[in-house]
Amino acid sequence: MNSYSDQRPEPDTVRRQLAVYFIMGSINCPDRSPVAVLREAIAGGVTLFQFREKGAGALTGQAAYELARELQAVCREGGVPFIVNDDVDMAAALGADGIHVGQEDAPADSLRDRLGYKAIVGVSAHTLEEAGRAIRDGADYLGIGPVYPTRSKHDARTVQGTRLIQELRGLGIDIPLVGIGGITPGNAPPVLAAGADGVSVISAISGAEDPRQAAAALAALHG
Ligand code: 3NM
């Protein structure tokens with residue numbers, strides 16, 4: 001019998017989904033409704049959304065679950081896949097379109113099997129070795145960062161620019177890739193030029209005065 005690890009999302013579909021990858025939790029937009037911000041962002045052109053409820057003051061338990069469900073509904077309305085950060089139980093309970101994990105978490109294939117359906121599994125990688133392991137373990141895409149300094153992740157690694165993205169592409173590794181960390185519409189072009197399929201951002205959209213316009217500016221970079 002096939003496991004779900006054998007039923008991977010199509011790489012070219014994932015590539016397109018990574019174009020404008022928005023990540024948000026309640027602490028990323030303290031002064032307004034996350035639901036309203038996500039709606040605007042999707043109207044502007046977000047292609048993938050990750051619910052990342054982390055950090056001081058983050059919601060937990062039922063409150064986190066309820067917000068996730070509301071945001072998932074906004075994604076469904078907008079035709080944008082909904083991914084959960086780290087919490088495979090929440091992803092399974094919601095029937096999320098995928099999960100994004102770090103290096104400490106279970107291997108990608110086992111997460112997909114655990115979800116029990118064809119899910120997008122993304123993994124953060126900060127070195128060539130981590131990238132290689134994630135690919136062997138069945139990741140559908142890699143998040144590479146931090147490209148630029150970020151204020152959104154307190155335990156972020158050393159800023160590495162686009163070096164690892166270029167290195168992976170130089171080695172002929174064609175897994176879908178997304179850059180992360182301090183990316184804005186203004187500094188995103190070198191990330192794409194280095195070979196990333198898209199950029200993932202928290203503050204460039206959640207902290208923007210006009211999240212719709214910020215998402216549109218990122219979408220426009222893909223021509
Ligand atoms: N992961 P912003 S950097 C969630 O390097 C996350 O793996 C990173 O937020 C990594 O777009 C980061 O506001 C924060 O800089 C990204």
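Note that Cβ sites are derived from N, Cα and C of the backbone, with glycine treated the same way.
Values in this document were obtained by computation on a predicted structure and should not be read as measured data.
Record features (TrEMBL):
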type	residues	note
DOMAIN	20-205	domain 'Thiamine phosphate synthase/TenI'
BINDING	Q50, F51, R52, E53, K54, N85, S124, K153	4-amino-2-methyl-5-(diphosphooxymethyl)pyrimidine binding site
BINDING	D86, D105	Mg(2+) binding site
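Taken over all pairs of the listed 4-amino-2-methyl-5-(diphosphooxymethyl)pyrimidine-binding residues (Q50, F51, R52, E53, K54, N85, S124, K153), the Cα spread reaches a maximum of 16 Å, rounded to the nearest whole number. Under 6 Å, Cβ to nearest atom of ligand 1: this is the test, and of the binding-site residues Q50, S124, K153 it is passed by S124, K153. Residue pair N85 (4-amino-2-methyl-5-(diphosphooxymethyl)pyrimidine binding site) / D105 (Mg(2+) binding site) shows a Cα separation of 11 Å. Taken together, the residues of the domain 'Thiamine phosphate synthase/TenI' (20-205) have an average pLDDT of 97. In the three-state DSSP classification, D86 (Mg(2+) binding site) falls within coil. Looking at E53, D105, the binding-site residues in this record, the fewest other C-beta atoms within 10 angstroms of the C-beta turn up around D105. Taking all protein chains in view, 23 other C-beta atoms sit within 10 angstroms of the C-beta of S124 (4-amino-2-methyl-5-(diphosphooxymethyl)pyrimidine binding site).
Cβ neighbour count for R52 (4-amino-2-methyl-5-(diphosphooxymethyl)pyrimidine binding site) (all protein chains, 10 Å cutoff from its Cβ): 22. When Cβ neighbours within 10 Å are tallied across all protein chains shown, the highest count among the binding-site residues Q50, N85 belongs to Q50. Annotation for D86 (Mg(2+) binding site): spatial neighbours R52, K54, I99, H100, V101, G102, D105, criterion Cβ-Cβ under 8 Å with sequence separation of six or more.
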